[in-house]
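I have placed the structure first, in the form of structure tokens, so that the comments after it can refer back to it.
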Amino acid sequence: MDDISITHKPDEASGTASLANTRKVYVKTYGCQMNVYDSQRMTDSLAAEGYSPTDTAEDADLVLINTCHIREKASEKLYSALGRLRKMKDARAKEGRELTVGVAGCVAQAEGDEITRRAPVVDLVVGPQTYHRLPQALARVRQGERVVETEYAIEDKFEHLPAPRKEQTRSRGVTAFLTVQEGCDKFCTFCVVPYTRGSEVSRPVAQILKEAEKLADAGVRELTLLGQNVNAWHGQGADGREWGLGELLYRLADIPGIARLRYVTSHPRDMDDTLIHAHRDLPMLMPYLHLPVQAGSDRILKAMNRKHTAADYVRLIDRIREARSDIALSGDFIVGFPGETDEDFEATLQIVRDVTYAAAYSFKYSPRPGTPGADMDDHVPEAVKDERLQRLQALLSEQQYAFQRSLIGKTMDVLIEKAGREPGQMVGRSPWLQPVIIDVHGGEIGDIINVRIISTGTNSLVGVREMETTSDGTI
Ligand code: 5AD
Ligand code: SF4
């Protein structure tokens, strides 16, 4: 759940051309990939209502803000965006042109009615469990109602939302996200997710396979399975047995056309043997795992309700590395959780040294209203959090830099995703998710080619094509 802010680009090939120029929707997405996926689902369900996507609010008849509540300032950000929209709406009213404003996502779920009370500009509030009701909600807005839809729906929203299409994918159709699980029952004491996204729900196997096959048919080569707690996914397999994520990955690996699999985000407690074996047995399961530990002190891990110790985590990493020696890890860390002493923080630095990360996200603890952490004693002063974050990030950057440097001279499979800026240049993805700039003529989007790395940036790689067959047989 890395923190990104993505604007939904118009989807030229969305098949709604005949309805274009009727009404336009602009979706602004904050937060994790789950929100990116949801924004696309909402855009799709609105296409059926005659809305075509646009990438500016000025151009839109409907603006939807898909919010994230995971860390602080989420509501401040939302209310300042709504302030700007209010001005736009007022200006339009003078021209006799309408603007409908909706708030979706986790802040919508958490604050519901409060949003319509505080921001009269808002016509519509929808929580993540009710996106499939968006068209009906909009119809009610058109009748003059202000709508708040944050009840947990009994019906399965995935059944009611349109299936994804090739074009909505992360990069020109060769990579795609597929949500397999939502919500969380872990109740880490710092986290709002169990409250905003609700308890854990896994999508059924048949539904996932159908969506994956459809994406493969449309030319998708890399699938990233999404879930707040993706490795807690479980379901009844085709063989009648209860499957975990490992079994699901073995099955997805059989889908023709799919050449790469990934999954995000995982909890250490749900890394079962089958999932670890999948890393051993499936070369197409990319050797890059986001496995947050949050802190290195057992006392803090206990207070966070992570239900594992630092030693448990390190042992787990050892087992995963035994299964797949080239695996690289990324993690999430929180500094300044209530009660964290200098010694506790040192333990976080130590676990980072012991594990070694290729990439990481690190945050200052931010008390989330309604979570147990917010009510704990001994909150850490902001200045101390700042200083710890700086030290942790310095160490993590060093490790990221070392990982980047370690790839120079190595060859690796790269999935070509798009044309580069210069003529003859392409941009692809390494197995470890880095963008790779390749000076290559003749490579096609969707090809997996063998590349030798010649230099690196902070996160990107630069390579040249090696003229040999790659592991999946493409040249
Ligand atoms: N304060 C700081 N960081 C948080 N995260 C989640 N909740 C909080 C919080 N209250 C971080 C965790 C999580 C990531 C998505 O965001 O590290 O893994
Ligand atoms: Fe939040 Fe913990 Fe659930 Fe992750 S596992 S979503 S951090 S409660």
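Here the Cβ of each residue, glycine as well, is placed from N, Cα and C on the backbone.
Annotation source TrEMBL lists domain 'MTTase N-terminal' at 23-143.
According to DSSP, CYS106 ([4Fe-4S] cluster 1 binding site) is assigned to a helical segment. In the structure as shown, the Cβ atom of CYS106 ([4Fe-4S] cluster 1 binding site) sits within 10 Å of 25 other Cβ atoms. The feature [4Fe-4S] cluster 1 binding site is assigned by TrEMBL to CYS32, CYS68, CYS106.
According to TrEMBL, the feature domain 'Radical SAM core' maps to 170-402.
Summarising the annotation, TrEMBL assigns [4Fe-4S] cluster 2 binding site to CYS184, CYS188, CYS191. In sequence order, CYS191, VAL193, PRO194, ARG197, SER199, GLU200, GLN228, ASN229, ALA232 are the residues of the chain that are 6 or more apart from CYS184 ([4Fe-4S] cluster 2 binding site) and have a CB within less than 8 Å of its CB.
Feature annotation from TrEMBL assigns domain 'TRAM' to 405-467.
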- Query: Can you list, in sequence order, the residues of the same chain other than CYS184, CYS188, CYS191 whose CB lies within 8 Å of the CB centroid of the [4Fe-4S] cluster 2 site?
  - Reply: LYS186, PHE187, PHE190, VAL192, VAL193, PRO194, GLN228
- If you count the other CB atoms within 10 A of the CB of CYS32 ([4Fe-4S] cluster 1 binding site), including all protein chains displayed, you should get 22
- Identify which of the following binding-site residues, namely CYS32, CYS68, CYS106, place a Cβ less than 6 Å away from any atom of ligand 2, and list them by sequence position. none
- Message: Whole-number answer please: how many Å between the C-alpha atoms of CYS32 ([4Fe-4S] cluster 1 binding site) and CYS188 ([4Fe-4S] cluster 2 binding site)?
- Response: 18
- Average the pLDDT scores across the domain 'MTTase N-terminal' (23-143) and report the rounded value. 90
